[in-house]
Structure formats: C-alpha cells, structure tokens
Amino acid sequence: MDALDASKLLDEELYSRQLYVLGSPAMQRIQGARVLVSGLQGLGAEVAKNLVLMGVGSLTLHDPHPTCWSDLAAQFLLSEQDLERSRAEASQELLAQLNRAVQVVVHTGDITEDLLLDFQVVVLTAAKLEEQLKVGTLCHKHGVCFLAADTRGLVGQLFCDFGEDFTVQDPTEAEPLTAAIQHISQGSPGILTLRKGANTHYFRDGDLVTFSGIEGMVELNDCDPRSIHVREDGSLEIGDTTTFSRYLRGGAITEVKRPKTVRHKSLDTALLQPHVVAQSSQEVHHAHCLHQAFCALHKFQHLHGRPPQPWDPVDAETVVGLARDLEPLKRTEEEPLEEPLDEALVRTVALSSAGVLSPMVAMLGAVAAQEVLKAISRKFMPLDQWLYFDALDCLPEDGELLPSPEDCALRGSRYDGQIAVFGAGFQEKLRRQHYLLVGAGAIGCELLKVFALVGLGAGNSGGLTVVDMDHIERSNLSRQFLFRSQDVGRPKAEVAAAAARGLNPDLQVIPLTYPLDPTTEHIYGDNFFSRVDGVAAALDSFQARRYVAARCTHYLKPLLEAGTSGTWGSATVFMPHVTEAYRAPASAAASEDAPYPVCTVRYFPSTAEHTLQWARHEFEELFRLSAETINHHQQAHTSLADMDEPQTLTLLKPVLGVLRVRPQNWQDCVAWALGHWKLCFHYGIKQLLRHFPPNKVLEDGTPFWSGPKQCPQPLEFDTNQDTHLLYVLAAANLYAQMHGLPGSQDWTALRELLKLLPQPDPQQMAPIFASNLELASASAEFGPEQQKELNKALEVWSVGPPLKPLMFEKDDDSNFHVDFVVAAASLRCQNYGIPPVNRAQSKRIVGQIIPAIATTTAAVAGLLGLELYKVVSGPRPRSAFRHSYLHLAENYLIRYMPFAPAIQTFHHLKWTSWDRLKVPAGQPERTLESLLAHLQEQHGLRVRILLHGSALLYAAGWSPEKQAQHLPLRVTELVQQLTGQAPAPGQRVLVLELSCEGDDEDTAFPPLHYEL
C-alpha cells in the first residue's frame, strides 16, 4: 500500500506534547499513514477519535449499520438526531472537526481484498467472528497490520496481528542513555571512565554506543556503534583505541537502541493457540477463560442471530454450554492446555454481555489506538497478541443485589447500553448525583465525555460543576478533544461544559473559572461541598492534587484522581473510611519545586539540567527582574540617599551590570548581547579559574576539579558557530523587546554587524559576584564615588520610558525565549564539557512540560469511570475498588485493591485520617475554657497546644495572666481577635489542631471540627 506524503511539515505547535512521547520520525510516519476503522459503535468511535487527534494521515470509516438507541450510551459522535442514519456517515463530520489535517472519509461498500491493500492498518470493532477471520486472513496474507477489538458489557478483548516479520525500530519509551566521559585510555581494549555521578548502572554488557563531543580522541566522534563491556568498577571497555589520538577532555557516550523483531500468528491460528498479555499464571488462566467466553458468545450469536438477552439466565446457561463444547485451547499445535473452564466467570460475562459502557470502550479504545500507532510508527513493542480486560468487580458482590432481566430491559433510552448491565434503578442513581470535576484539560475532557454518556448528574435533581481557571491553547487541541481551533483563548471550563451538554442535552453542568485553592475557600466552602456527592480531579500539579485531596478528606467526599506522563498513567480512588486518603508520591512531589543547589548551578554544573536551570535564571534576571527593578524605582522616585542597604543591593547589580546604558537602536542591543556573551562564557569563566585554578588541590590532596566538578574552559566567540550566533540574536532581540525597540531575525546581517563592532572591554562590564557574600561585600565598600556613579545612572533611567519585563513563554517559538535559554545552556555545556540535550528536550525541561498523548488520557478516564460505578452504587467493601497503573508503551496494566486507612492510637482513642473530633459551639457559644473542659471530660484529652491555622489559641505553658486573657473568650471571638477575621458567611466549621499531654511528637491527632 502507498502511504500518504509524509514529507509535509509537522505541526510542532499542535503536537508539541505528543512529540515528547513519540519523537519526530515516528510522527512523520503517523501523518503519512492510511488506516481503516470498521465498526463505529462506541469502541470504534474511541479508536477513531484518538487516531484523528494524534494526526494519522488518512482515516477511512466503515459502518453501514443504522444508529440505534443503545449506541448513545457509549458513542459520543452520535445523537438522537442520528437515529437510523449510518453510523459511519453520522460520525464523519464531527471526527473531521477534531483535526482538519486528517483526511476522514467514509467507505460505504463491502470490505474487499482490493480495498485492504490501500491501508497500512485495518481495525475491526464489534465485528462478527466470521468477518474477523475473513479480513484477518487477507491482512496477514498481504502484510497489512490487523487489529480486532470488542467489548461485551464489562469485558473487553483486543487482538493484534502485525505479520510474521515485524521490526520494531524503537522498542522503549525511555530516551537513549547518555553520560559524560571523564577519561578514555589508549589500549586494547580502551577503558572509558564515566564522570562521577553518571548513570553507570544502566549500561549493560553488549550495549551499542556512539560518541560525540570528544576532544583529542576525535576518531571516536560519530564512529559506527561500538559494543561495550561493563567492568566491575563501572568503567567500560569500548574496543581497540591503541592507534587513536590521546584523549584530552569532554565528550559523551550515548546508547544506541537495538531494533526487535516480532512474529505474530494469524487470527485463525491464534484462536486456538492464544498468547495472552498477563502478569501472572493466574491472570493467564483468567484470560483463557475470557477467551473461551468470547468464542461462546460469537457462537451464540451465530446460532440465534442475536446476543444473549440482558441478565437472562437461560441465555447465560446456553453460553456456558457452548463454552464447554468448544475445542480445547492449545499450548502448541499438538499440546493442549488442559485448563479447567471457569463456568461462573463465563456465566457472569454472558449475563452482562448485552451492554455497551462508555468507560469500557474508552479504556479499550485507547489501548487499540496505541497499538495502531505502534504498527504505523514501529515505536514501542506491540501486544503479543491477545489482551483481555474485565471490570466485573463493578457488579455487586452480593448475588441478591444483581439486576433483574426486567430492570435491564431496553427502554428506548440513550442509556439502554448501560441499563443492560446495571439496570434502570442504578441509572437513576447516576442521574441524581452532584459531582465536582477539577480540571478541564486532557483528562478532564475525557472524563466529561464519560460523565455525559453515563448520565452523571443528568437528572433534574443532579448536577456537575467543572472548575478550571486556564484558557485554551493551540497545543491543547491534540489531546483535549472537546476543544476546537476557534476556541483558542477561551476559558476551558466554559467551552468544555458547553461541549459536554452537546454530548448529552440532559447534563446539568455548571462551569466555574475561579481556581480551587486556599484563596477561594469563600467560594468553595462548607455550603458548596455540602451539595457535592463526589470529586474527580484531573490535575497536572502535585500541589493542586494535594490541596483538592485535603478538601475531600476534610469534607469526607470520595475522590477519583488520575494523572499521566507520556504513555504512563494512573487512576486511583479514595473512599472515606474505606481506603487510605490520597498521598502524593514523595519523589514526584519533592521534585516539583526542588531546585538544584545554587553553587552547583552557578559555578559547578555537571549535567545539562544544571545548565538549563542557569540559563532560565539568566532569562529571569536579564529580561524580567532588572526591568521590574528599574520600573519600581521610576514609580517610587526614590533617591539613593533614601534607600536602605537591601534596596541598594537590589539595584547595584542590574543598574551597573545588566542595564549599564540604555540602548538607542538595534546595533546597541547587539553590542550589549555580544558583551554579555563575553561576560558569561569567556571572562566569567576566566575569573572563576582565578578563584579556583585548574591545578588547585584540597587540603587532603584531592584535586579540586575532580568528580562531578569539571574544570571549565573559556570560549572564544566565533560568528561561524551557530550556537554563538543564536545566543547573540536571541539576547539582542529580547533586550530590544524590553526597551521597546525593533529587533531583527536576519542572521546574515547580524554576522556582518558583529564584524564591525568593537570587542567589549572587560573593564567596562558588570562585576562578577561569585556569591551573595561577595555582593554584600561590594555593597559594604560602596563609597562616595560608587554612590555618585549610581545616582547618575539612576537619573538617566528615571527620565526614560518604562521597561517591558518579559514573562517566559515556552510555547511561542517566534519570541526568542526558548532560543535564548537553549543557546545559553548549550554554551554553558561547552564551557564545562557537558553533553548537551537537544532543543526539544531543553524546552521540555525548562518549561516543565509533561509529555502527553491522547491514548493515555482516554485510558485513565475510562478506568476512573469504572470506579465511579462502584462509588455511586452504594456502600462497597474495600475489595471492590481498584487503583490502576498502566504503561501503554510496554503493554503493562496492573490493578490492585487500595490500602486500608492507617489507624493511629492514643490511650483509648483510635482514629484514621478520615476521622475528626466534633464539638458543637452551642447556644450561647462556649468559651475556650469550656472547650478545653469538654475535651478532657468527653475524650480524656488534656490539651497542651490548640491552633487555628497559625494562630495559637492556647498553650498549657502560658503564664496564669496570659491564660486568663484567653480562657473566658468565646472561641470565635478569640479566633477573630488573633486572626483579624470572623467566620465567613455560611461557614459551618472552624478547624482546630491540637496536641495533648502524654502524646509522642509524631502523634497526629484528628482535626477538631468546632461546629458553628
């Protein structure tokens, strides 16, 4: 088959987050691919939606069947107006709107052998087994990648056949390992020592590696990949280097990923010899039983011309009998598996198989779409070959609570597909719910779709509130499928809410654009949360997650929470008094705001991350903080004599350094940029080496420049070096923007201008302060001459126009922000012999961009939707709930029961994080003395310290006089006196914290809820 023209320019802005997952080569192959999706019920719609969002070149839809009521429970592209229309034709326009760069067409005829030759990948969903076998055989014959996917109620099935000789070019999601080189010996073998702190542990015997940036032993640079041997001390044998030049410094060693070959069986063979994706032998047996259940369901439909009726015991027993009579599965062509059939499992599958559920098709459709991408891009290992997924734990554990055939009968309702599994009574429960969704980004959009289709809050007494303060950006459109290009710049919450109402007109959804954080507790307070039945969080910040989780714990609300990073995803559920409360992963939470040590970043960087943080700080200091400082001085009209020492310190560096002279034109900006280049990468390094010479030795004889400390070398400016020129171009343009001057993007003219400019005088440049101590010392020596010079400079700045502080914007590649940071970091890497990272990775690191892809977000939303069923159904034991973690790149999915809440004790008391001490304020309101007495009499607690936030209400160690001032006051009166704030209108509880006599330091007492 011929691919589309894949040479067309890749829209990096649109696919920016996806590119961090797949890379440009894979994306080029994706946008040149042709895919056929046959079957446009809920599952097919999910597969198609994900492929369009991710930019597949051409998508052909095939489904001539008319839309029916049960489709609307999971097919978000259809509406009541589409009843009796062809599902493919009714879906085409909305799919095309998701991404105008994708050709979305409809095929109305049969699927023929000639038709299949037009595609690289063919996907069948909800197809009869006979159709699967026919199409699968033809695809296998012609080398067309083939997928078959289906869901039956709470069970899903996915089959992949990529042929007998399919090469995966890039099997893993991880970036190739790169490490800095310390030394390479001449010999056979040559021994390469990695710089201390490099990831030596991750290199393995037999790895193929390449080399770059080496000075001296240049023969290794860009040579063919070499195989390595890892020695016991962590050094690497890299082959014969006897004849190579002597190693001098620098360089990096980089892993070369090895392709892998996959051999798949055709569907007709794999039906009897199924190879299933499973994590244990128990899961293998479970999957084999589900495999037989699907085969029996196909046979039932073939015999009766219909699927089993919802919860019909007679039909279910017929399916069990058909499963018993199936030909036994085989381990090999000759060896049977000899596994017992789990008839109870098959029976349950059959009873609930008539339904179609939005969360199930979202989950399986995401996995199927990811497999399509693997087939096209040859990136990541494909499934081998069957995947079975079930969420039968959504059903009540008590058999007496299972729905009846009458409760599950078709009603001509948009929820018929869901009613067939859970019954009409459960549907009404869903419609009466009031839920809060925090975050309307990628996961939030997918959750809104699930909520709309399942009917959450769609009744007259139900409701759904969507909170998001952000506005839509173009880079959102490849994942956040409720948004369109015309929505860019509009509030996410408002657009998402309107789009969700379009999916289900009955949905009672309210958008709010106020953030949910400590500053808005007067909005999202006691009254607000009293109306909420549960919370779903779709946030990309651990700080925000922790806050929302704390509110759920405070108000005893169930929390559904999901997150993604690339093809990694998690979906977790937290139930009051049933599971543990949410805790952010310590490593992730700590890394969110933890900077590297200042001295490391400024003077002793050893990784590209260090240089990027330095470059980012340079941007802030040069183009934002200095401008804000001058503007503040202009507005305050402050003379130097009126300033205290800290103010002088604040102005000293920017005025005498960064902003020494106000530029008048583009040439002045270029001259400034060249001077700053010299300051940072030449003179600054020379001055550092005067402080710490290359031969400096510590008292114990250890060289100062050793281990992670790499001795830097000053750079010489060279207009023929693109990185040198990019720095000056970006810095000059940013300086011009800050001063309201026109810039330039002409590289040729810049080269010519630089030849004419005089070389900067190092004596006229800003002083380098190697530490805050030096800066303070410079201020201490600030005599009359320096004061006179600064006053003169301040007078010059005070009469000019205000400066424009620049706020770093990572997603606009035309503004020179990222250009400056990338160039500065790369030059810093050259100074210190550090392997640099490419522009894309630099942008990801400095912009703190989370790699994202539509498939992962859809999968975790589906998994959360399944947990929603359990939360809404009523009291369920902890064994019913599941935390889920998945890695689509490696076909990994684990679901496990949440932990129980940890129990703490103090004397006779026991509590968990879900408990609290409740004390009514009373009428008239009790005093502090009364509150303390109540706690001692009712709970046996002698309070040592009582706090409200940071306000200390009581301390047992206070003097009698101090206690006499506080004890007679009413609690709210005391709080207002100490904080200056009375309880907010509608506030029902004051939260107090206490510690008691006799407790250990680590005892965390439950919060005291003082009920107003």
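Cβ coordinates are placed from backbone N, Cα and C, and glycine is handled just like the others.
According to Swiss-Prot, the feature repeat '1-1' maps to 23-159. DSSP labels the residues of the repeat '1-1' (23-159) in these numbers: 57 helix, 36 strand, 44 coil.
According to Swiss-Prot, the feature region '2 approximate repeats' maps to 23-575.
Residues annotated as phosphoserine in Swiss-Prot: Ser266. Ser266 (phosphoserine): 19 other CB atoms within 10 A of its CB, across all protein chains. Ser266 (phosphoserine) falls outside any helix or strand according to DSSP and counts as coil.
The feature repeat '1-2' is assigned by Swiss-Prot to 423-575.
Annotation source Swiss-Prot lists ATP binding site at 442-471, citing similarity to another entry. Less than 8 angstroms from the CB of Val454 (ATP binding site) sit Ala73, Leu357, Ser358, Pro359, Tyr415, Gln418, Leu430, Gly865, Leu868, Tyr869, each of them six or more residues away in the same chain.
Residues or ranges marked as active site, glycyl thioester intermediate in Swiss-Prot (evidence: sequence analysis): Cys599. For the recorded site, Cys599 (active site, glycyl thioester intermediate), the DSSP three-state label reads helix.
Long-range Cβ proximity for Gly462 (ATP binding site), meaning a same-chain Cβ under 8 A and a gap of 6 or more residues, is found for Leu430, Arg431, Arg432, Gln433, His434, Leu456, Gln508. According to DSSP, Val454 (ATP binding site) sits within a helical segment. If you take the Cα of Ala442 (ATP binding site) and the Cα of Cys599 (active site, glycyl thioester intermediate), they are about 38 angstrom apart, rounded to a whole number. In this structure the C-alpha atoms belonging to Val466 (ATP binding site) and Ser266 (phosphoserine) are separated by 46 Å. Glu446 (ATP binding site) sits 34 Å from Ser266 (phosphoserine), counting Cα to Cα. You'll find the Cα of Cys599 (active site, glycyl thioester intermediate) roughly 35 Å from the Cα of Asp470 (ATP binding site). Cβ neighbour counts within 10 Å, taken over all protein chains shown, single out Glu446 as the most crowded of the binding-site residues Glu446, Asp470. The DSSP secondary structure for Asp470 (ATP binding site) is coil.
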